[in-house]
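In what follows, a structure is listed as structure tokens, so that the remarks can point back to it.
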Amino acid sequence: MRKFSRDRITAVKTLIETLIFERNQTSTMAQADIALIGLAVMGQNLILNMNDHGFVVCAFNRTVSKVHDFLNNEAKGTKVIGAESLKDMVSKLKKPCRIILLVKAGQAVDDFIDKLVPLLEPGDIIIDGGNSEYRDTTRRCKSLKEKNLLFVGSGVSGGEDGARYGPSLMPGGHKDAWPHLKDIFQSIAAKVGTGEPCCDWVGDEGAGHFVKMVHNGIEYGDMQLICEAYHLMKDVLCMNHDEMAQVFEQWNKTELDSFLIEITANILKFKDADGTNLLPKIRDSAGQKGTGKWTAISALEYGTPVTLIGEAVFARCLSSLKDERVQASKSLSGPQGVKFTGNKAQFLEDIRKALYASKIISYAQGFMLLRQAALEFGWSLNYGAIALMWRGGCIIRSVFLGKIKEAFDRNPELQSLLLDSFFSKAVQDCQDSWRRVVSTGVQQGIPMPSFTTALSFYDGYRHEMLPANLLQAQRDYFGAHTYELLSNPGTFIHTNWTGHGGKVSSSSYNA
Ligand SMILES: *[C@@H]1O[C@H](CO)[C@@H](O)[C@H](O)[C@H]1NC(C)=O
Ligand SMILES: *[C@@H]1O[C@H](CO)[C@@H](O)[C@H](O)[C@H]1NC(C)=O
Ligand SMILES: *[C@@H]1O[C@H](CO)[C@@H](O)[C@H](O)[C@H]1NC(C)=O
């Protein structure tokens, strides 16, 4: 047997000891799975949620005393660690570094990215979980890609409670980041059905934040639809708040089963300190933070008829003209002496169906916008996965979204929800009720911008022939914009309508 020299054995022993020492060093230094910057309530809750699922999180805030406060209070007794500086934070992270920013959208995000970049190495990951505009996310994604860093913009929905116990997460950006995030993100996300997480990879660049924006737009639509149903119950059927609460509780057991219907029932029955209903005392002037507006602007930008969300945004704008409306109410009258004489129970069911049908239209429109954005930006979006992401955890969560997921499971390339057999049948079943509600409401002078626009969209969408032939003729008449003949699409011609017009068609002026 060959004998090793004493020197050789000592050398190997030293080497092993050095390796063990270094390993221990690294494991005490680089111990955190992920870092989170921004310790407002959302940030704190997301950290505690990750901690609950076994991840070691390193917390940081620009005001370092906030880190100490958090570790000594909310995070006391957890595995959460803190950092004194960004450099300290990065040194405590396992590789590749994963850093979530939960700071105010806009300049603050760029400022933190600029400070982080010199501290990071190729392959490290920055995730923006704030309410950023998708274009900013696309820009950041591209500029960090040039530096070999992986940027992710993730929609986070569900408010403070969602962040703590299961949000809906909509991550998009540099796809190489996903394998490093999937486990953490899907563990902390809301779960539905047999434990499916409300989180999946959305797509490239700003796709995650775009999907979050559309989610918020749909939320505006859902809320407006419920408000219109409430208005009809209150002013056509003259119901009191407790009666209405009961109706919403009933509706929560139907296809409309959803978070927003549920909280509406609770709001309607809520009593003030004096024992009377609080709701009628609340000033009817709606606020907004802008994400619904962004959805409507994108719809206009990409030429997609997302009419219901648009109307929901405008309804908030109209409501906020409270003083002007108070003035107008004194001089502008509505229909006189029309009283509802029909069957109350029947009309309530009509309202429910009108709400359901309009909701289908709104989601069909929202998914149309997603399709158009995917075309525009070359994203490949998984529509079924998006429906599942919204199924739980977020404000628009509902049983209904499970049906949308099923429709995209049946046909991933589905062009419109309205062309799916389940939804076309649902709208068909609702349409008589829907029309009765709209005509009754119009006769009684109740504003129903979302119910009516949804019905107009439906009637427009199902018409083979719309009066746009006249529109094309008008454009050609006054501006020589040319038109196509039904018998020869693709060929644009101009007609000498007046007998004194020229032959030259317009190319620079487009009306
Ligand atoms: C720091 O924490 C406060 C709340 O304590 C939060 O409002 C702020 O956004 C955080 N800012 C940053 C940049 O970490
Ligand atoms: C609404 O339905 C859900 C179950 O789908 C239930 O958890 C919730 O308590 C219901 N809410 C109301 C107010 O009835
Ligand atoms: C348009 O029609 C009138 C009357 O038929 C004719 O006099 C005129 O030349 C036409 N214009 C052109 C540019 O063809």
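Glycine too: its Cβ is placed from the backbone N, Cα and C atoms.
According to its DSSP assignment, ASN131 (NADP(+) binding site) is coil. Residues or ranges marked as NADP(+) binding site in TrEMBL: GLY38, LEU39, ALA40, VAL41, MET42, GLY43, ASN61, ARG62, THR63, VAL103, LYS104, ALA105, ASN131.
Residues annotated as substrate binding site in TrEMBL: ASN131, SER157, GLY158, GLY159, HIS215, ASN216, TYR220, LYS289, ARG316, ARG475, HIS481.
For 208-498, the entry in TrEMBL reads domain '6-phosphogluconate dehydrogenase C-terminal'.
As annotated by TrEMBL, active site, proton acceptor applies to LYS212. Secondary structure from DSSP puts LYS212 (active site, proton acceptor) in a helix. For LYS212 (active site, proton acceptor), the same-chain residues that are 6 or more apart in sequence and have a Cβ closer than 8 Å to its Cβ are ASN131, GLY155, VAL156, SER157, MET170, THR291.
Annotation note: GLU219 (active site, proton donor) sits in a helical segment as assigned by DSSP. The local packing around GLU219 (active site, proton donor), expressed as other Cβ atoms within 10 Å of its Cβ over all shown chains, amounts to 21. The feature active site, proton donor is assigned by TrEMBL to GLU219.
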Separation of alpha carbons, ARG316 (substrate binding site) and ALA40 (NADP(+) binding site) (Å): 28
Listed in sequence order, residues with CB under 8 A of ASN61 (NADP(+) binding site) and six or more positions away: ILE37, GLY38, LEU39, VAL67, PHE70
Which same-chain residues, if any, lie at least 6 apart from ARG316 (substrate binding site) yet have Cβ under 8 Å of it: TYR220, GLN224, ALA286, GLY287, GLN288, GLY292
Recorded positions clustered about MET42 (NADP(+) binding site) [Cα within 10 Å; pool: HIS215, GLU219, HIS481]: none
Residue from GLY158, GLU219, HIS481 whose C-alpha is spatially nearest that of THR63 (NADP(+) binding site), among the recorded positions: GLY158
Winner by Cβ contact number (other Cβ atoms within 10 Å) across the binding-site residues THR63, ASN131: ASN131
Among ALA40, MET42 [binding-site residues], residue with fewest other Cβ within 10 Å: ALA40
Integer Å distance between the CA atoms belonging to GLU219 (active site, proton donor) and GLY158 (substrate binding site): 12
